[in-house]
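One structure below.
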Amino acid sequence: MTDTDILLTLRVDRPANGGTAVGRADDGRAVFVRGAIPGEQVTARIVEEKPRFLTAETVDVLEPAPQRIDELCAAAAHGAGCCDQSFITPDHVRGLKAEVLRDVLGRIGGFDAARLDRLLPGEAVRALDGGATGWRILTRLAVDADGRPGLHERGGAGIVTGDPCAQNDPLMVADLGDGYAPGGDLAITLDDTGTRHIVEIGPVPAAAAGGGRPPRGGPERGGSSRGRSRDRRAAQQRRRHREAPRPQRVVAGAPTAGHRVGARRWEIPVAGFWQGHRAAPDTYAATVTDMVRSALGDAAPGVCWDLYGGAGVFAAALTDTLAAGSVHVVESDPGALEAAEHTFTTDTGIHLHRGEVARLIADLPAPQVVVLDPPRTGAGPAVIAQLADAAPEVIAHVGCDVGRFARDLGLYGRHGYTPQRIAGFDAFPLTHHLEAIAVLVRSTSRH
Ligand SMILES: C[S@@+](CC[C@H](N)C(=O)[O-])C[C@H]1O[C@@H](n2cnc3c(N)ncnc32)[C@H](O)[C@@H]1O
């Protein structure tokens, strides 16, 4: 970051991936402006300057858009990095996400406009049940130097305390108090009965921390070899930080929380992975099974894979809704698999495999259907090449980073897989994030 005092006055005219609005500088370079709504004229401070583009932060709104509102999130209004779109009406944010999804699928995925009209019929990004606020039932708070829980500051290393984030179900964060271990985290979940569970996770041991909290955010784009080696060091530090063993203490409730999807129930570690939006697991499970059914016809699928399967939500849906012959779940997190083992004790058709997807799938029986729900980094070229070698008839791909999702869809195309349908979900209201699901079928043509 260069962080300058230089101000620009410009009109922004379209949304970009990452929650910014794009305008043009006098020299023709694109300017990605945070805190602005397409259509507005703003004064913005340049934060970063690159040969081909600039990033900037709105400091004054000269002509506000009709969709500009008082911030819905008090924490974001005080500098927290949680709700970067809380100054825009939630319906309009959803419309902007739909534009971004189409744009990114076109630019990165390589799909033309006519194709996108067919793949994304109707509303490209749909709302989940519930409103734009209070939808989150699972969160992670950071603990500041005075032992108070709060949210990471937007673009900085500080922690914003005292103001609630509007995403949270208020029950989750009421009366948390203080006195927690500085530098640690609080994992908080509401279970399916509305009971709150809180687990304190101690700070990262000094040896793994490498001097405090890890650098936030991803690597910079492009840059010098010095910049790249700094990015590599930062990435290594983030990995060490993430993987370091940390002490846990139950503050309220239990170390696991019950979550229900359809007729199944899981006991998930409070500090483990579960979808943040209370309506997300049911919505995604129903979408994936609908998509697979429409691609396969009414025949029950034979062998299925549920990759990056967590506790096996999709394995359960494939079994219960589509009567799949067998499902192989691959997941690296032992806590998620322990939860899966309990839920699937009597399911002889569901097989659990602990480890890395890239390492394990070569030894699984050939699949007819693959469902995969990778982390934000997406599946990437190596795993997609392995999947194509396994030659399933149908692939259902779930992605929470729209850029990586589009890249992965483009990669499938090179291996002879064609998307039949894509659905976007506004699973993170008040933010620029969205979830997308695509179903692809094997074909010989390329897009
Ligand atoms: C986005 S979550 C999806 C979980 C699950 N499908 C669900 O909806 O609950 C991604 C999961 O992938 C797991 N994971 C991440 N990298 C992995 C890898 N290389 N191999 C296997 N599992 C991985 C994580 O532990 C996490 O549970």
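Backbone N, Cα and C define each Cβ position, glycine as well.
If you check TrEMBL, you get these features:
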type	residues	note
DOMAIN	1-60	domain 'TRAM'
COMPBIAS	209-225	compositional bias 'Gly residues'
COMPBIAS	227-243	compositional bias 'Basic residues'
BINDING	Q275, Y308, E331, D373	S-adenosyl-L-methionine binding site
ACT_SITE	C400	active site, nucleophile
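A separation of roughly 9 Å, to the nearest angstrom, links the Cα atoms of C400 (active site, nucleophile) and D373 (S-adenosyl-L-methionine binding site). Shown are the binding-site residues E331, D373; of these, the residue with the fewest other Cβ atoms within 10 Å is D373. All chains included, 22 other C-beta atoms sit within 10 angstroms of the C-beta of Y308 (S-adenosyl-L-methionine binding site). For the domain 'TRAM' (1-60), the mean pLDDT of the prediction comes to 95. In this structure, of the recorded positions Q275, C400, the smallest number of CB atoms within 10 A of the CB marks C400. Shown for the domain 'TRAM' (1-60): DSSP residue counts in helix, strand and coil, namely 0 helix, 37 strand, 23 coil.
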